[in-house]
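Shown next, in structure tokens, is the structure this report addresses.
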Amino acid sequence: MAFNPPVIRAFSSPAFTYVFKFPYPSWKEKEWLLHALLAHGTEQAMIQLRNCVPHPDEDIIRDDLLLSLEDRHFGAILCKAVYMATTTFMSQKQRNMFPRCDIIVQSELGETNLHCHIIVGGEGLSKRNAKTSCPQLYGLILGELIQRCKTLLATRPFEPEEAEIYHALKRAEREAWGGVTSGNLQILQYRDRRGDLHAQQVDALRFFKNYLLPKNRCITSYSRPDVCTSPENWFVLAEKTYCHTLVNGLPLPEHYRKHYHATLDNEVLPGPQTMAFGGRGPWEHLPEVGDQRLAASSVSTTYKPNKKEKLMLNLLDKCSELNLLVYEDLVANCPELLLMLEGQPGGARLIEQVLGMHHINVCSNFTALSYLFHLYPGTTLSSDNKALQLLLIQGYNPLMVGHALCCVLNKQFGKQNTVCFYGPASTGKTNMAKAIVQGIRLYGCVNHLNKGFVFNDCRQRLVVWWEECLMHQDWVEPAKCILGGTECRIDVKHRDSVLLTQTPVIISTNHDIYAVVGGNSVSHVHAAPLKERVIQLNFMKQLPQTFGEITPEEIAALLQWCFNEYECTLTGFKTKWSLDKIPNSFPLGVLCPTHSQDFILHENGYCTDCGGYLAHSADDSVYTDRASDTSKEAIDAGDLGDTDGEDSESEASEVGVRPSKKRRITIPATPPNSPGSSVSTSAFFDNWCAQPRDEDELREYERQASRLQKKRESRERREETPMATSSQESESEPNPTQWGDKLGVIPSGTPDQPPIVLHCFEDLRPSDEDEGEYIGKERL
């Protein structure tokens, strides 16, 4: 005989009711897939149950099937998963592994949705957080369902249609942790006089007795309630059905359901007409209470907030629900509530306190990266992304930079807690930094003008923006702590010093931040420790005026792609990009042979390895005749970076050799018999591992690059004419007279005279006497 759970006689308060909808709309047409995913092994029993006769006819096979499927069908598995997720949800709310709460879960097959009713009560839930906790509970339920689907994956791979349901659950789970439920988890609410919706507390036992219990059983949409429910357990007036019920983790059998309903109706929840006192006075046998005890018991312990406190609580809920961070957001989204609070005594101060509390809540629950994804969920990276374009123009791998930004903003990059964009004006450094901090929104700025309180605006922020950073002796020590992510205390105006926790820092400047200015002296003592805390990106190429601003959505798309593809930790970054140590000067990108950093070639997308734009496919209308006739063997491996299909040799003969652009210098492999060339090439790459910092270094860079280019061209010309060289070597060597002519040794006219040796600035000119001999004659 099945175990009958005891009747629940008290329910923890406050209690709320939720409805979870299975995030797969076409579940009824593919119900057999749910049998395989959630209740593997029950498919045949469900098919046999479809052909059984209804009650009250006798059917032994039907009774055996219902008994074997008591808690093994997919509705029971769904009910158990929801119960386990709700238990985890309450343990997180109470911060206890064994929460003290009451939970009732009932799964039902609706006309359109497969859903579960949840009644939960206990400490940790309140009118303020029950509604905002819906995404958290939704994500936990989907996680439990995914784990149960993986039990089938351990035995065999998914079928294509099963994989479709599995990926739908995974996609819904990612959206849930981003705060999106898509209406699949709802809480019972009421509307106040202003039209706002709030979570509605319920009388759990009455709700369970009047709404959930009086229903008939139906465990599959292929069958009917009169097949799954016996006549003695049939609710006559019930129109809706249920699938499975759990009361505090214990299943409620079908044959015990009417008795449970009668016990709740008669004993636990009696009406006013059933209260009787046996013919005696109601106060006759009560114990006597002393004056002091009566006075103590008559005092109400329930605290009732006043109007000001209610307004503050409502404003705090609005800030959390609508992501309101500054006073301007409050004016734009809830002006009525703001005016009501401004009308209270000290209203402006109260609003600052509410915003401060909301900032503390955001900083404790989010990092800069997670809050950016919370504000911009579902962004996709496209090839026309301006952040991608800017980093390619400046010579960096945008995916590598995005990976580093994810690690820094997620506080997972060790001691290097700062990203510095350095370069001259109009290079995009402020454009990039502004897009990052404005996407996060909760940021603080460093103010050099307020010399006593430089970091006054940096507390309770997700990120710090230091625009035009200048290092001074007065604040270099706290700056080293902040740039390195070390907790320190900072001075705040009109208050005591406050603790500043680890906060990522974004710097955009054209100053040398490693040189500390103090009085009339400049010190470089702090340069080494500052460089260990900063990742510097050198932006040296000026942008056109029509480049435009980078939007926060584009930054969010780049970082979201990197966060999904890479492991955003210090170890993951070093492993992915094969680095032993993260240098102060961020490494330049290395493009794949056929990929480009020019935005003109962005239509084919971007490379997921180097970040460059993919080359265009071959097109006869673009390529010239000569280029189209060129065979694969005639293409030089060093020229694979040029994919525009034009004859590069003819252009070089017309225009001449010019220095190549930054990071696009093509240096061929060094011949084995040329050790000098390999030394110069390796020295060139060692000297220019980072971009030039000023115009002098840029000129030196172009000079050395031009020299290497000329060496490569001369070596190619020598390789192209090997036969001419061999023919010259085969000729006979010159005789001494010929060597003398070449060296400038001229024999004299008389045998006794020594030969005439000509120096580099002399030639053999005839004397004046000799000139007279040739007058009127033709010189031989």
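Note that Cβ sites are derived from N, Cα and C of the backbone, with glycine treated the same way.
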Divalent metal cation binding, same site as His115, His117 - Swiss-Prot member from Glu108, Glu144: Glu108
Matching range for Swiss-Prot feature annotation, region 'Ori-binding', among 193-197, 213-217, 253-257: 193-197
Given ranges 211-215, 386-390, 401-405, the stretch to which Swiss-Prot attaches the annotation motif 'RCR-3': 211-215
Other CB atoms, at most 10 A from the CB of Ala425 (ATP binding site): 8
Cβ atoms near His117 (divalent metal cation binding site) (within 10 Å, other residues, all chains): 21
From recorded positions Glu108, His115, His117, Tyr211, the one whose Cα lies nearest Thr427 (ATP binding site): His115
Helix, strand and coil totals (DSSP H, G, I; E, B; other) for the compositional bias 'Basic and acidic residues' (700-721): 21 helix, 0 strand, 1 coil
Ser426 (ATP binding site) versus recorded positions Glu108, His115, His117, Tyr211 - nearest by Cα: His115
Protein Cβ atoms within 10 Å of Gly423 (ATP binding site), excluding its own: 22
List of residues, in chain order, with Cβ under 8 A from that of Glu108 (divalent metal cation binding site) and at least 6 apart: Leu114, His115, Cys116, His117, Lys215, Lys240, Thr241, Tyr242, Cys243
Rounded Cα-Cα span from Tyr211 (active site, for nuclease activity) to Pro424 (ATP binding site), Å: 70
Per-region confidence, the region 'Ori-binding' (193-197) (mean pLDDT, whole number): 87
